[in-house]
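> Before I ask anything, let me first share the structure, which is written out below as structure tokens.
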Amino acid sequence: MTTKRKPYVRPMTSTWWKKLPFYRFYMLREGTAVPAVWFSIELIFGLFALKNGPEAWAGFVDFLQNPVIVIINLITLAAALLHTKTWFELAPKAANIIVKDEKMGPEPIIKSLWAVTVVATIVILFVALYW
């Protein structure tokens, strides 16, 4: 059976997501993928420069010292930290941990994830700088 009645389609502008802070923050969080792509491409170019010898590596290091690239990399770091923060806040919602017949709150899980991140960062920096 078919009908000739047209369903009502509510008009929606292309900027509908700008009206609510939740959606604006959601778009910002999802936008952190763009700086991640930048960093991935930069890392791949660094690996190729490392493979191609000292001259190529020196050129890559000069590229990284450009003030514009430093600013872009700082923006990338901020985006990565924002993404990490929101991801760590979502993790406790996926884990249902029960201790003594009570559901564990999100704070210990979030703090544990940040502690692991800090320890891993310190270990990686130590290995990179002193090994």
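Glycine residues also receive a Cβ, built from the backbone N, Cα and C atoms like all the rest.
Quick caveat, the model's predicted, so the values are computed rather than measured.
Found this in Swiss-Prot, in case it helps:
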BINDING   Arg29, Glu30, Trp87  menaquinone binding site
TOPO_DOM  1-21  topological domain 'Cytoplasmic'
TOPO_DOM  50-65  topological domain 'Periplasmic'
TOPO_DOM  91-104  topological domain 'Cytoplasmic'
TRANSMEM  22-49  transmembrane segment
TRANSMEM  66-90  transmembrane segment
TRANSMEM  105-128  transmembrane segment
> Please report, as numbers and ranges, the same-chain residues at least 6 past the borders of the topological domain 'Cytoplasmic' (1-21) whose CB is under 8 Å from any CB of it.
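Counting only partners 6 or more residues beyond its ends, the topological domain 'Cytoplasmic' (1-21) has Cβ contacts under 8 Å with 27.
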> Under 8 Å between C-beta atoms and at least six residues away from its ends: which parts of the chain pack against the transmembrane segment (105-128)?
84, 88-89, 91-93, 95, 97
> Determine, for the menaquinone site, the additional residues of the same chain whose CB lies within 8 Å of the mean position of the CB atoms of Arg29, Glu30, Trp87; present them in sequence order.
Tyr26, Leu28, Thr32, Leu82, His83, Thr86
> Any residues 6+ beyond the ends of the topological domain 'Periplasmic' (50-65) with a Cβ under 8 Å from its own?
73
> Take the topological domain 'Cytoplasmic' (91-104) and find every residue of the same chain, 6 or more past its ends, with a Cβ under 8 Å from one of its Cβ atoms.
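Contacts of the topological domain 'Cytoplasmic' (91-104) (Cβ under 8 Å, skipping residues fewer than 6 from its ends): 110, 113.
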> Mean pLDDT, the topological domain 'Cytoplasmic' (91-104)?
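So the average pLDDT across the topological domain 'Cytoplasmic' (91-104) works out to 86.
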> Just report the maximum Cα pair distance in Å for the recorded menaquinone binders Arg29, Glu30, Trp87, no decimals.
11
> Please count the residues of the topological domain 'Periplasmic' (50-65) that DSSP assigns to helix (H, G, I), strand (E, B) and coil.
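The breakdown for the topological domain 'Periplasmic' (50-65) reads 13 helix, 0 strand, 3 coil.
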> Give me the long-range Cβ neighbours of Arg29 (menaquinone binding site): same chain, 6+ apart, Cβ under 8 Å, in sequence order.
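Same-chain residues close to Arg29 (menaquinone binding site) (Cβ under 8 Å, separated by 6 or more) are Leu82, His83, Thr86.
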> Could you give the number of helix, strand and coil residues in the topological domain 'Cytoplasmic' (91-104) as assigned by DSSP?
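Going through the topological domain 'Cytoplasmic' (91-104) residue by residue, I get 4 helix, 4 strand, 6 coil.
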